[in-house]
Amino acid sequence: MPLHPPARRPHGHRRNGSEAQTEATTQDTGRLSCPRRVGAAVCPIQGLGHRAARRPRRGVGTTSASRAPRPGALMPATRNRPRFIHYRVQPPRTHVSFKRPKRSRTHQSHTKVPGWTHEKRMGSSVEEGLRPELSQLEQDADNLGEEEAARLPVTSLNGLLMEGDRHPNPGQGPFFYIGGTNGASIISNYCESKGWQRTQDSRCEDYKLKWCEIKCRDNYCSFREGQQLLFQLPNNKLLTTKIGLLSALREHARTLSKARLMPSTQAKVLKMDEFFPETYRLDIRDERQAFFTLFDETQMWICKPTASNQGKGIFLIRSQEEAAALQAKTQSIEDDPIYRKMPFRAPQARVVQRYVQNPLLLDGKKFDVRSYMLIACAMPYMVFFGHGYARLTLSLYNPHSSDLSGHLTNQFMQKKSPLYMLLKDSTVWSMEHLNRYINDKFRKSKGLPRDWVFTTFTKRMQQIMSHCFLAVKSKLECKLGYFDLIGCDFLIDENFKVWLLEMNSNPALHTNCEVLKEVIPGVVMETLDLALETCQKSLHSQKMLPLQSQRRFVLLYNGETTDLWPRLGSSRPPIRLPYANSNHARSTCEISSSSLTSTRVTIADRPAARKSMSSRTAPICASRKSRLSDSGGVSIEESETSVCSGLPEGSRDAAREPSLGPTEEEREEEQRSTSHRGS
């Protein structure tokens, strides 16, 4: 029976199913004849146009198990052409065919038959895992003859798809994913030493560890609590942005001022102005006007974006002209009608901070110290302090210089110097080197204790870190498996007063200097060791201490003994009382019970934590609140209450401080300050 021309063949044209099948030929003179193809034939459907009608194919189709015959079965057909029905399985790459000239490829099926659902996303783990097997099937099809190719079983491919649904990732796992290049080689070597396999699929949900430089909402939505480790707390911007840290410290200071503490206890609590330079927000009109009112040319100020790092967007304000220019610019932005419609007013998200003009110099160069705060576990909180290194500028310090590389010590700024490659090792000192230098140069002249760096200075950094953590502890989103490593930058002035400059998320983990090659790998590996061990102990309800993986990090805060925290999967949080009749050494940051006038009350509103509390717990909390009110303390219902003293000598654990609920005005301010993306 003569065939219709391909472009004119009617949609309903079919061959009689009882007749022998003949090879389809093409009549298009502009194309060469194509070898016989093997795959799932497409039913001619009205609406697909001439292009669909010009594709005469012969092969084996698939059908749904619930609505169609068994695999490979032919449906009753009429006239000259057999009709095949697709299975309702996932459609990607179900056609194996030939491409001229004799080059195999796979066709993506886009057939839209009634009831067909296209739910598979591009780049899915199933599709990625099937690529090697599909390629092998193509090669096998190339080597087969025409008769053998016509009988190629589709069931093997169908089974392959089903197997891919059961095992989204190839290999045995467990898997880890690293997003970015910061410390990637160190993290990869650590994970591979444990037999883990690296995946390049950022959407992979079957992982043991995910370490990403940039936070992504999807990572936290698909996170499996207690089964996975995820780097960076979701809202760590409360600490790691300039406005977030400033707002947290201010609120904490107001909380402490309202708390009724014993005079001896009040004297031990850190004051914000003792360690944090005077700072104003430019996105709040009253603060902005207050800064421009008090500005004078005798003081230098530094303007910073709230959520940037590497010195980007930073400039100095030293003259009245520079201050006036900044004032005019901020005012013009605020008067812009487009800016008024912006929900978070990002262009104004800056702070101005009083510049420390008398820094301690090392061989005439400005420096600061990078230390680490590790939140190894979030349920319960296990917070550690880790030593880092000193960062120096390449050029001598000149307070009147406009070159930022002489004022900012980070490696990103120093790399801009043409002398960096020759002198880069001189821009980073180990803490041992810094300690020796201060012992030799300043111990006698300044009356410092021996090893001031590892005694007084270290204790002060631990005090400041504990204070900052406690300022945001009740607001951090905590789940078992979250962990974070935060870089803290400290400056020492010529009077040996310690200032906290900023805290940074995703701190630099590059090893381009000899000192960094000694420091950074140890920090990263101990971070991962502690995160793994604390997560496993919390998951199995084991005591945290002692920690076998703790080497150089120092414990600042042990939430196991100070918090009411819920176990994963428990119906109610366990009752955790302070040390009683115990021979354990008390936290060196805790105050004796005789000097405490307030204690912890409840865990009522910790974000992201389980909040169920049984009736057995309520009387205990109520009795604590009653004792607290009777003693003249502050009764707090929405957050845990702790009191922080200064860290005594040999401090190992963190301080506890009270945290009052914010007022309505403070909540609005916090919403503005925390709406920006973390650095």
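Each Cβ is built from the backbone N, Cα and C atoms, and glycine gets one as well.
Among the ranges 49-77, 165-193, 194-222, the stretch that Swiss-Prot annotates as region 'Disordered' is 49-77.
Distance between Cα atoms for GLU502 (Mg(2+) 2 binding site) and LYS304 (ATP binding site): 11 Å, as a whole number.
According to DSSP, LYS304 (ATP binding site) sits within a strand segment. Pairwise Cα distances among LYS304, GLN310, GLY311, GLN353, ARG354, TYR355, VAL356, LYS366, PHE367, ASP368, THR409, ASN410, the recorded ATP-binding residues, top out at 19 Å.
Averaged across the domain 'TTL' (172-543), the predicted model reaches a pLDDT of 93. Least crowded of the binding-site residues (THR409, ASN504), judged by neighbouring Cβ atoms within 10 Å of its own Cβ: ASN504. Each residue contributes its Cα atom, and for LYS304 (ATP binding site) and ASN504 (Mg(2+) 2 binding site) these two points are 13 Å apart.
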